[in-house]
Each structure stands twice: as C-alpha cells, then as structure tokens.
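A.B. asks: Sharing the record's features from Swiss-Prot:
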- K70: N6,N6-dimethyllysine (MOD_RES)
- K139: N6-methyllysine (MOD_RES)
- S140: phosphoserine (MOD_RES)
- S149: phosphoserine (MOD_RES)
- 176-197: compositional bias 'Basic and acidic residues' (COMPBIAS)
- 207-222: compositional bias 'Basic and acidic residues' (COMPBIAS)
- 237-269: compositional bias 'Basic and acidic residues' (COMPBIAS)
- 276-300: compositional bias 'Basic and acidic residues' (COMPBIAS)
- K372: N6-acetyllysine (MOD_RES)
- S400: phosphoserine (MOD_RES)
- C668, C671, C674, C690: Zn(2+) 2 binding site (BINDING)
- S718: phosphoserine (MOD_RES)
- K1116: N6-acetyllysine (MOD_RES)
- K1118: N6-acetyllysine (MOD_RES)
- K1122: N6-acetyllysine (MOD_RES)
- 1144-1622: region 'Catalytic' (REGION)
- S1151, G1155, L1156, E1173, M1174, D1195, C1196, N1582, V1584: S-adenosyl-L-methionine binding site (BINDING)
- K1354: N6-acetyllysine (MOD_RES)
- S1436: phosphoserine (MOD_RES)
Amino acid sequence: MPARTAPARVPALASPAGSLPDHVRRRLKDLERDGLTEKECVKEKLNLLHEFLQTEIKSQLCDLETKLHKEELSEEGYLAKVKTLLNKDLCLENGTLSLTQKANGCPANGSRPTWKAEMADSNRSPRSRPKPRGPRRSKSDSETMIEASSSSVATRRTTRQTTITSHFKGPAKRKPKEDSEKGNANESAAEERDQDKKRRVAGTESRASRAGESVEKPERVRPGTQLCQEEQGEQEDDRRPRRQTRELASRRKSREDPDREARPGTHLDVDDDDEKDKRSSRPRSQPRDLATKRRPKEEVEQITPEPPEGKDEDEREEKRRKTTRKKPEPLSIPVQSRVERKASQGKASAIPKLNPPQCPECGQYLDDPDLKYQQHPVDAVDEPQMLTNEALSVFDSNSSWFETYDSSPMHKFTFFSVYCSRGHLCPVDTGLIEKNVELYFSGVAKAIHEENPSVEGGVNGKNLGPINQWWISGFDGGEKALIGFSTAFAEYFLMEPSPEYAPIFGLMQEKIYISKIVVEFLQSNPDAVYEDLINKIETTVPPSAINVNRFTEDSLLRHAQFVVSQVESYDDAKDDDETPIFLSPCMRSLIHLAGVSLGQRRATRRTVINSAKVKRKGPTKATTTKLVYQIFDTFFSEQIEKDDKEDKENTMKRRRCGVCEVCQQPECGKCKACKDMVKFGGTGRSKQACLKRRCPNLAVKEADEDEEADDDIPELPSPKKLHQGKKKKQNKDRISWLGEPVKIEENRTYYWKVSIDEETLEVGDCVSVIPDDPSKPLYLARVTALWEDKNGQMFHAHWFCAGTDTVLGATSDPLELFLVGECENMQLSYIHSKVKVIYRGPSPNWAMEGGMDPEAMLPGAEDGKTYFYQFWYSQDYARFESPPKTQPAEDNKHKFCLSCIRLAELRQKEMPKVLEQLEEVDGRVYCSSITKNGVVYRLGDSVYLPPEAFTFNIKMASPMKRSKRDPVNENPVPRDTYRKYSDYIKGSNLDAPEPYRIGRIKEIYCGKKKGGKVNEADIKIRLYKFYRPENTHKSIQATYHADINLLYWSDEEAVVDFSDVQGRCTVEYGEDLLESIQDYSQGGPDRFYFLEAYNSKTKSFEDPPNHARSPGNKGKGKGKGKGKGKPQVSEPKEPEAAIKLPKLRTLDVFSGCGGLTEGFHQAGISETLWAIEMWEPAAQAFRLNNPGTTVFTEDCNVLLKLVMAGEVTNSLGQRLPQKGDVEMLCGGPPCQGFSGMNRFNSRTYSKFKNSLVVSFLSYCDYYRPRFFLLENVRNFVSFRRSMVLKLTLRCLVRMGYQCTFGVLQAGQYGVAQTRRRAIILAAAPGEKLPLFPEPLHVFAPRACQLSVVVDDKKFVSNITRLSSGPFRTITMRDTMSDLPEIQNGASAPEISYKWRATVLVPEAAARVALPAHPQGPYPQVHERAGGCRMRHIPLSPGSDWRDLPNIQVRLRDGVITNKLRYTFHDTKNGCSSTGALRGVCSCAEGKTCDPASRQFNTLIPWCLPHTGNRHNHWAGLYGRLEWDGFFSTTVTNPEPMGKQGRVLHPEQHRVVSVRECARSQGFPDTYRLFGNILDRHRQVGNAVPPPLAKAIGLEIKLCLLASAQESASAAVKGKEETTTED
C-alpha cells in the first residue's frame, strides 16, 4: 500500500473551465445538494472529473514522472511540459485558497485549525542491527523508492519535486460510520449556509490566485538545512507554471484521497507561493535522501481550513465534524469540551484549540519552522561496513594483541548529525535515550588518533546506532567538553557537527559549559543567592568553540534541568560531613523557578563533569575569646546531643518522599550508612538512610523552611506575666514572729523577722516556693515585707525569673536569675525554704577584662540553694537592664518593693494631670498646661493626633482603588493575566495609613468632679487644624513637589480628647525663622513649617493671619530672642547646648560601603576610626567617603588574632585598635553559612561555632565597647528555632552587657523600600540601654509585622506608633522622579538632573547642595529577550510578566521570538474564555514533567507558566515599580526574575539604576560608590539604610545625654554637699 500523503486544505471544488458541458456543471452543483457527506461529495466530484481527462494526457504525465525519477528530465523541464499539458486541457477557475499567516508561517496561538494525528505502523529501513534490538524486515531499494515517490509532497524541506500523478494514487478512505451518520444528520440543516460559504471561498480563492502569483526559482541549498521564507521579485514567467502545477496537484490529491496525512515537515497552507517552492537541490552524483526510509508514512491527519474572518462559528464547527477523523490514541491531551453558544447573545460558540501534531518518536512539533531532516553524506555506508574500513584501523596485521576484543573499538566522529527513526534532527540530551527512544547518527568516522576535524581521510557512515548511551568525559584541559556516543558496535568521540546539526549541538555544548561555570562558582561561593549566580553567568565570556556571544539568564533557565543534574552528580562524590551545594540559596531558587525535577535517573550518562574540588575561600576558623568559646562548648553541648539524638531517630522518616527515582532505588549496600544496617551485617545503631537514597526533594524543602519568616505572626500572648501555676502549701506548723512589730498600718502589723520551723527569715531574704505541678522548677522570690492581718501571717514576694523563662531559654545559666516587675502577697505557710540570691555587679575594671579567662559566676555554689542575678528583665520587650538604683526611705524599709514602685511610677506617668489652672467658666476649668507620659503641653503648642481625631471640610480623596478587574479578553493576544487572582500588589501604598493629624492648641479645659476637684480623666483640647498638602483640594498631586514637613494654616477648629494626643511637635511660620528652612528642618525631630493658610470654603491659599504665628513672636525684636517664645524648640536643645558630647570612637566590622557609619555620622554620635571589610570594592567605597578612617581589607579573624597576641600593626603597617580604644562596635556579620540547614545538629553546630557571628561577639568581648550594635536580616531572630538569637544574647549577658533585640522596618524611617532588619543593641554597665526609635513615616501595614516569636512567646519592641506616624510614606516619586531619563545600559559617570528636587524629607536634604550632575546612573544591561520583555511590560501599576503578550517579536539582533504554545489542559486554571488551553507542560494535567515540552526563545518565559501554579504565579517577576509605591528589599543585583521581582522603572524600559537603588536606601547623591555596575549594586544592596542608622544613632545620643545629665547632676549635688559640710 502506498504511503499516505498530506492533502492540501480542500477548497470549494474547482471544475475545469470551459471544457465541461453544461450538464456536467449542473451535476457538480447537484452533488452539493444530495445530502452527501463532505468526503462523499468530493469523491463523486473527482470521479465525474476523471471521465474528462484524456487517456493520452494521463499517459504523458506518467511518462514525465518516470523521466523525472530517472533524472532524465530536469525539474524545470518537467514543470514546463506539465504546464503545457494542463493549460491545454485544464483550467482552474477558483484560484488558490487565501490563508493568513504570520511572518514565520505559523498561525497565531490559539487560532490554529483543528489538528488530529493518526499513527500507523510503518516498516523500518534496512540496516544492520544489534541482536538485543531484534531483527527488522528490510525493504529493497526499489520498494523504498516507490514509497518515497508515492509519498512525496510539496514541502519546504524535501529534496524532490512533487509530481502530479502521485496525487491520484491510492483508494479514497471511507469515513467512519458514526461520523457519516452525524454528518448526514447535520447536512440538510446546514445546506444553504454551505452553499453561501463555498461561493464566498471561491471568490476569495480567485482573488488570491490573481494577487499572489509570485514564486521564486528553486534555490540550491545544502541538504537538510532549513529554508527561510522566499523573497518576492522573481520573474513572473518562472513563477506562474509552478504555482498552477501545485494548485492542480493539491486539488487532484484532495479529490482522490482527502484523508491522506501530512508528511513530517510539510507546510499545510495551500497559499504558500512565497515559501513552499524553495527546495533543496543536490548534485546528480549525490544519492537520494536515504533518510526517507525512516520517515513516517503517516504523521499528521487532514487539516481543516479555517474559514475567513466573519464566518459563523457554527459553520466552522460543522465543517470540522465532517472532515476530521477521530484518532484512536491521542498524542497529547484530550480536547476540552466546547463552550456552548448562548442563544440570547447570538454569539458564536468558543472552539477549543487542539494540539499541533508531534512526532511520535522524538516529540517535536511537525509544524515547527526549525524542524529539520537528516541528509546522509555522500557514499555513506552502514555501521558494520564502516567499521571494517581500513582507514579506521590503528593496528596492522603484525600486532600481537590485535585479536583481543575485550572492549569496543573507539573512533573519532565528525560532521555528525543525530536523528530519530523518522528522520528528524534532534538533540541527545533531552531524555529521549533515557526513554528508550531510538536515536541514530550519521557523519564521518576517523581513527582515534586523528585530531583534524575535517572530513578528509574519514569514512562516511549512516544510520549508526541506535545510541545506547551518551557521555561526557570532562574537559580537554581547556574549554571544550569531550562528548561521546556508545552503540552496540563501538564508541565514538564527537568532534565537529554537521552544519545542519551545529545549532542543536551548540546548545548541548552551551549547557555543559554553563554546568562547569555553576559547579566551580558554587565550590567557592556556597552561600550565593540567585542574583549572584546570574551575575556570574552573565559576566563569563563563552569559549569560542561553542559559537555563543554571551551567556544570559535565559541560557541558565533553558538548561536548568541539566545543570541541576550535574550539580547533583557532583554532590554524589561529597564527603558525609559536607553540605550539598545543590542546597545553596541560588540553586534552590533555580530549582523552583525552572521547575526542575530532582532525583531523576542519571545512569545513562556514564560520567559527569569532573571538576576538581577546590578549597572554598572564605573566613578562616573563627578567632574566639575564652568566654565566647566556653559559652558554646559548655552550655550548649547538651542541647546538641539532644538534637543529634532526635535527628537519628527521625532521619529515616524525613529522608523519603517516595516519588522520585532516588527514593525508589534499593540500598546500595556500600555506603557507610548501609554497612551499619543489620541486613548488611552491621549493628543498626546509626539508623541512617542510605546515602544514595537521600531524597533531594525533601532536602530542598527543609532548606526552604528557614529561608524567610512568614509575615503573619501567630496570635500568641505577649509574655507579660510569668504565668506561674498554682503554688503548693507547705505543712509549716511552727511559725512565730521574732521581735517587736516595726509598724502598724491599715490593720496590718509589720514585722522585721519571722521563724519558720526554726529557720529565721527577715525582710530582704530570698525564699523558694514549690509549684503544685512537680514538673516545674521552684519559684524564687525576695521577701520585701512581713505582716499579719485578718488573712493570717503574710509576706510580700518580689518574684525572680529563671533564665529558662526569658528569651534565653535553654541557653541561659541555670543558676542565673533575673528581677522582673511582678510581685504577690502570700501566706508564710507556702514558703518551702530559704535560699541565697547574690547580686553580681560589674567589676571596677570591667572594660579592661575583655578576652581574659572568665571567672566563675558562683565559685563553690554546689548546694542547690545559691543563685545570682545581674539584670532586671522586661518581659514585655525582652530587655536586660541594670537593676534600678532606687534606695528605700528610712520610714519605708519595712515594705520597700522595687516592683511596686516601678508599677506606681508607670501608672503615675501615664495618667493625665493638670499643671496650671487659669480660670473657671460655666463649670469648666480652663488650664494653661497639662502633662501626660512625661511630656508637658501648653497653650500654643502643636500636637499629633490620630487620623480619626478630626476631619477636614474638604472631602478627603481616598487612595485610588483599582477598579475590579474585568474578565480577561484573550481573543486578540493571549496573555497570562488570568493568573492575577488577587488585587494585592507588592510595593503598593494603597493600604498605607494616613499620617497624624496636626493641630495647635487654642484652649485646654476640663470638668469638675462632685467634690469640686478637677476631673483629670476628661480633659478636652480645642485646637486649630493644620492641612497637609494632600488634605487640600489638590489631593495627592500637591505632594509631588512639596516638602514633606510643609503644612497650611487653617482657622478651622476642632475639639478632641486629651487621651487622643500622641505627642508634641513644632510648627513654625517660615517667615519667622531666623535660619533657613532646610537648617530648621534638620535641627531636630518633629519639625514642621507653614508659609500659607488654606481656605477650604474658597479652595484658595492665603496669607496666614497674625494669630497664626507662635505666641513667642510677640517679643520678637525686643531683645528676647527667638527661643523665649518657643520653649518646645529650645527645651530639647538646652541639655545638648549645655553639655558637649564627645563623639564615640567607632569600629565598624563588616562595614560594606558604610551605611551604618553614614547614619551614625548624620546623627552626630560617632567618629569611625577603623573599619574592616574583606571585599575590596566595598572597602574602596568606604575609603572614598571616609578618608580619615583606617580600613582593613583582611579577614576579621586574622586581625583579632593579631590584637589578642599583642600586635600593634598588621602586615601592611596599619595601626590596630587596642583594648580601651573602641567605644562603639557596630556591624552586620553574614550568617548564610548556617542558614540552609533545618536542624541544629553537631555538623551545623560546628559550622556555627566558626561563623562570623561568633567572631563578632569575640570582638565585643575583647574590646568591651560602651555600645554594641549588631544588624542583620529579619530572619536572624528565627534562624535555627531562634537559637542564633539566644546564643548571641547569652554571650552578651555573660559579658555583663545590658541588651535587647527588635525588628525595625526601614520604610518607617524615610526610605522608599520595605526592609525589615533585626537589631541587637547592647550597652555597657553604667550606660543607659537605648530604646528603639519610634517610626517617623507611615508605611504599608503588611510590611510592618515586626513581632518575633521565640519558644511560642511573642515579643515586641518598645515602639508605640503602630498605626500612624508624623510623616506620610516616602514613594518612588519622592525618591527618583528628578533623575534624568537614561537608556538600558547607559554608563555615563554623570548625567544632569531633570529638575532640581526640593527638600522632600529632612534626611534627604543633602540633595540641595549637589552639583548639577548626580553620580552615574549605571542601569543594568539586559539584551535580547530580557530587554524585549521589558519593552512589552505595560506601564500600568502592578504590571509584571503576566501582562506580556504572546506574540512574535523581532529582537535587536534580528532573531524572531517564538510564540509560547499552550498544549496541555491546566487542571487548576481550566481553559480560557475562547476554549484555549493554558498548560505548557504535562505536569499541568497532574502528570510528570516532560522535557520535550520545554520551549525556548519565547517572549513569555516558558518556566513561569510552567511552575506558576506552585509559586503564587511568580507574582512580581518582570514587575514594574509604581510611582506612588515603594521598592521591595533592595538586593545586590536587580534581576527581573530575581528575588526582588519588581525592579523595572515605572516609565522606562529598564531595570532601576545604581543611583536609584542608592536613593531607595537613603544614600545622599554625594555618596560615592566604587567598581563596576554589579559591584555598585552589591554595595548598595548589602548596606544598612543610613536613615535607619541615623534614627538608631539619635536614640544612642539621647542615652549619652541622659548619662551626661546624671553625671552633671551628681557632680552638682556632690559639690553642694561638700559646700554644706564646709
């Protein structure tokens, strides 16, 4: 049976022109009304027309075809003769069917006609086969030639010209019975519409045939190469015969056999005059395409033409039912159910889009324009014959060991191509061999010793294989990988591919070299993040051998599966105590982003990339002081053993997913874990899983669990109480008072001593109380009072807190107690026994004892009843502070309780009080001053109020809420917008709260109680309202170029409760200032000014009235000065003016480019004399901005070791700081080294002991600075179940430092980004422990979850401004709207401002004094697809990759992108409104991933819809920033597909520049960076935002001022006492 061919799309049947009689014409029309199916109608028409073809013409056509096959007639001559015959007897009257196409010949995605494929068994080509594969029937060359000729079709890629008679061969196929019945049932109903449709199609074809007659002459090309679309402009005489011939051929073929299927590679549009005529020619000496023996006889079923636009969808559906046959076994997925047409709307029903056909062997799409066919070399022979050629022999007959056949022969192989059994060129590295798909190759074999890759001296071979395995044998000592194939007969080292196969093989070489880059990069950078890996890939110059200009992120994502597999293979050879490098942060991101399948079988590749293990560069072993070392090796050892035991018990359960191939493998029986198993003769004690069966999926999951803490903190109670259980009453029978009563007060008789069971107890002693629950430890308390009343013999207990009840948990010293603010009255009978609690204060020489052997806290305390305490512990905020120095008065010693006094002071402080009364009018008492929380408020003061305290007469313009998203219209251009199921956009300020309302106090009054006393609980304030710019009728646009502290006076008044007042601020009339507005704004916190008044009735701005000025201005000009009338300004400055504060000598460890130092300098508290930074570019940037600082670029461990050894200078002669020199120590030690492990076992503990955190704590212990600050990522407080936090605080407490921790949001301190940072503050004994700074700006609530959960207890910082703040949020517009427009990749060092920005915030005032050019923009360069994607991201807020259109785009280098194919049903997202599929991989259907489904060079990255369902649809990737929003956390390399996500400029098609990132961090434009673009990005991304550092510095400054004031007061008091004594 001849092979079936692909019919052209069947047009309305054309009859021969004038040669047919009228009755025949009528009969042709009647056939269309006889109720026949479409196929039957076509068959009858063909039979009718065949009667009018003259016999001699048929004979002549057959003779011409025979001559063409025998090459006695050229193709040009054949076409000319056929044209003559056809023009003589046949004339086509309908023309060619016109079909629209895209530039590459592929219909738009979703608009493809219905495809169905039916696969039939085909005979294989003759060849010698290895025995395991089994014999196959061979065909003669004549049979093959007949099949090739009978199945030839006009195509772009075949090498033979289509013949005419071949279209009339073969019987017509009958339609299945069920289809025929359905067709008959619907035929009569659609009869009239079919007739109208045929007439319209015929007219269209006629017009198209007249307009599209341009076919180029056949062009001679290399066999097997892809032919591009032909150009217009050849001679008309040469084009017309060929076009007419092809039209007739397609029509005759359609009439003869409409069911014939397309051959692979056949383009299925009839109107392809500009493409199909280009055929591959060959020299006459070259044999015909022998690969056709392997090509399928049937691969694609008949294609139904798509009606012209405007046709009824019902017609298309009916046509498809008539002409489409059902395939017995679909190649891909079941077709989705059709969408029913709504009768009320009268619209067409949505037609589901079916899959394009695929090759059943290699899985490639048959309509892919890049699909190529194999062309064998000239005179090629099969493999056995080739191997016997003498040219391949390296031995002669005299060789004594010639006849040994222990191993397969090895040869070099060049000019090779690899193809499947159907002749499609295909890669070998996509898993086809692993799936037992037979792949063959052809080319030129050479002897193993040959080095010349040319074809000279080689033996041409064809159909070698099938390939049993392919392998990589490392590299050739340079950049080229050695790759080979193994067959049943020999092994072949590959040299150079054929020109046709070079693009495919180039990708294979590219992925191998990228794997080499990744493995070598991870060897030295195991803690690198994804952006660092992309930086490495993009900055590596590709070797010339692989013909790639540059590596990109798309290159890495394209080969991600292969790269991860190679990294896994590298990890297979690791030592047991080594951490797998595939668990590094960058590899986990790559695995998630690209959807890599872990644990796949890799046995088919004999060897992997052999990269020599390189000793990882990094910090040396941690240099620790003895105190720090003792903490880790003594107090934590028991916890380590406990965790190790838990690990061993749970390893077997945690190491299996049961799905991947690694888990399903049997135990190897050879590794250390297997040898310990009982079944392999071991003891079975270790209970470890086989090292070869450790599931990679679970390993990645466990590593991800600690990657980032969740934003949503569970609702847990704050540990404000000890939650002591019920106490157990003791049987104390003998309780008696000793001595006389001390005092009698309120029915209480106080005593000083008591005897309990012959044990004397007096006030001030400590006792233990047994809990009712025996599993709990003893409760300990200090007896502060003893008395007797009606309740019996009582005592007042001031409780101690055990270390395990603090944030320290199990890391605390078991003998250490902490004072807390809790006390209780109890009966003496509850006392268990007397204990001893010693206060251990700091030694007089504490600061100089650093680094020495630590003394025992309680030498000889082994009786179980002796404890010690150093600090007061605040359970609300986890603050360890020195105990208060309050001394009891002489008359209060018998009942003096520190807890009661502190609580009373706190209540007294929080209670509102009236200080000065003015008058009483109508039952109201008017006042001039009141106080609350230690702040005094007077008439004329300005105050903060919550946003709900009062409203404005102008209706507030609420933040613009985005309208509800309309249904996604996927008809014009398919997009993935449907994935945006949530309206939340990361980086949006839509939910940001309003800042405080501000008012000036006009009156203060309150009512009276019944007794005539002032009712201080009901104080009211009448005030004038201040408008902010956004509160006026100009709304938010008024803030674009206005200072953030600008207000407008208003005569509107409001009355508020004093309890609503949130604090005091300063508001001045700008014209009354004695300094510039900028100096005034920077002169202190909470400063505002106004220049105009706002009239809400007229919506106009006016001059402020006289009473708007501060009351103190009445004295202006009389020598009183400005300060007298404005006490709120002068009061905070008085202590600072009176006390000169020296700056702290600071050592900045891990300084980076100097963000912390810059903030502290702005706060005016420090002078950074030393800095340590190992990374040279950051160290150079620090030097540029701090020329007076000694910057060490050495390992911090080396420097500390030198100092501890008594060295004064380092190897470079730089002077080292000595003990006593450092007054403040600050830094942010990296902690990635132990961030990837889920449990704290002995291996991770060992790594933690050598981490930089331990080194930093040793610096603190040695130098003993006055203040200590540790900054780190927010997750620092959660690492290892908060164990890192606990150990850090434990070390500080053991050193004697007061300390606390908290999480701060940098966006609340004046930067346009969300950046949560963990801060640990510590103060030396005698200093005041700083509070955390109150927020200055409102910020998005989602980003302000700052609680920390430790051991199921929630801790918060001392911050009280939780719902609002003094200033509005800083936006992207504030940050960078004045910067000039720059292009992608611009690198000019200086660019002029677009316009000069005003002072937006006090922290950014440095912009005003800038030169005309800010330091370079330096945006990241993104070429090819990345830059093109940026240009297609819409400018609307919230846009990201899901808004990319699925279109073809020409890149700058001329390459045209492919459209992304959606060929699978997505079970989660369903189908589109048009019925189109939404899945890009078989995993969307719940199956395993198919590597053949991967797509490349698409505008929409294939990996994103592939893995989107598992990762929140990758929201934000390729995301555009919003002018009124903020940055995500600024990272070290802004990549559109990186962690930060939204990095595209709001209006320009590029990522944000270095200067824009620096501004988002709060760096002034005068701050200089060093190095290339990526170095600068890294410097900015790793820095602490200077505004945040400044806010912390100001809090430290307040502590210094308070200490200075106390010292001054003590000195004055001492002087007065001395004077009195004198």
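Each residue, glycine too, has its Cβ placed from N, Cα and C.
What does the local environment look like for each feature on the list?
C.D. replies: Of all Cβ atoms in the shown protein chains, 24 besides its own fall within 10 Å of the Cβ of K372 (N6-acetyllysine).
Counting every protein chain shown, the Cβ of C690 (Zn(2+) 2 binding site) has 20 other Cβ atoms within 10 Å.
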A.B. asks: Validating a neighbour-count step here. Other CB atoms within 10 A of the CB of V1584 (S-adenosyl-L-methionine binding site): how many?
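C.D. replies: Cβ-Cβ neighbours of V1584 (S-adenosyl-L-methionine binding site) within 10 Å number 30.
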A.B. asks: Do any residues at least six apart in sequence from L1156 (S-adenosyl-L-methionine binding site), in the same chain, have a Cβ closer than 8 Å to its Cβ, and if so which, in order?
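C.D. replies: Those within reach of L1156 (S-adenosyl-L-methionine binding site), by Cβ under 8 Å and sequence separation of 6 or more, are D1148, C1226, G1227, G1228, L1269, E1271, V1584, A1589.
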A.B. asks: Which of the three DSSP-derived classes (helix, strand, coil) applies to M1174 (S-adenosyl-L-methionine binding site)?
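C.D. replies: Assignment for M1174 (S-adenosyl-L-methionine binding site) reads coil.
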A.B. asks: Which value in Å gives the longest Cα to Cα span across the S-adenosyl-L-methionine site residues S1151, G1155, L1156, E1173, M1174, D1195, C1196, N1582, V1584 as recorded?
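C.D. replies: Spelled out: the longest distance between any two Cα atoms in S1151, G1155, L1156, E1173, M1174, D1195, C1196, N1582, V1584 is 21 Å.
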A.B. asks: With H, G and I counted as helix, E and B as strand and the rest as coil, say where DSSP puts K372 (N6-acetyllysine).
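C.D. replies: Its secondary structure by DSSP: coil.
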A.B. asks: Could you round the CA separation between S1436 (phosphoserine) and C674 (Zn(2+) 2 binding site) to a whole angstrom and send it over?
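C.D. replies: Cα to Cα, S1436 (phosphoserine) and C674 (Zn(2+) 2 binding site) are separated by 59 Å.
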A.B. asks: At a 10 Å cut-off from the C-beta of M1174 (S-adenosyl-L-methionine binding site), count the other C-beta atoms across all protein chains.
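C.D. replies: Its Cβ has 15 other Cβ atoms within 10 Å.
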A.B. asks: For each of S1151, S1436, count the other CB atoms within 10 A of its CB; which of these recorded positions has the top count?
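C.D. replies: Per the Cβ count within 10 Å, the most buried is S1151.
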A.B. asks: May I ask you to report the DSSP-based helix, strand or coil state of C668 (Zn(2+) 2 binding site)?
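C.D. replies: SS state of C668 (Zn(2+) 2 binding site) = coil.
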A.B. asks: What is the Cβ neighbour count of C1196 (S-adenosyl-L-methionine binding site) at a 10 Å cut-off, with all protein chains included?
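C.D. replies: Total other Cβ atoms inside 10 Å, all chains included: 24.
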A.B. asks: On a C-alpha basis, identify the one among K372, C668, C671, C674, K1354 that is nearest to S1151 (S-adenosyl-L-methionine binding site); the candidates are the recorded positions.
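C.D. replies: Closest by Cα: K1354.
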A.B. asks: Out of C668, C671, C674, give me whichever of these binding-site residues has the highest number of other Cβ atoms within 10 Å.
C.D. replies: C674
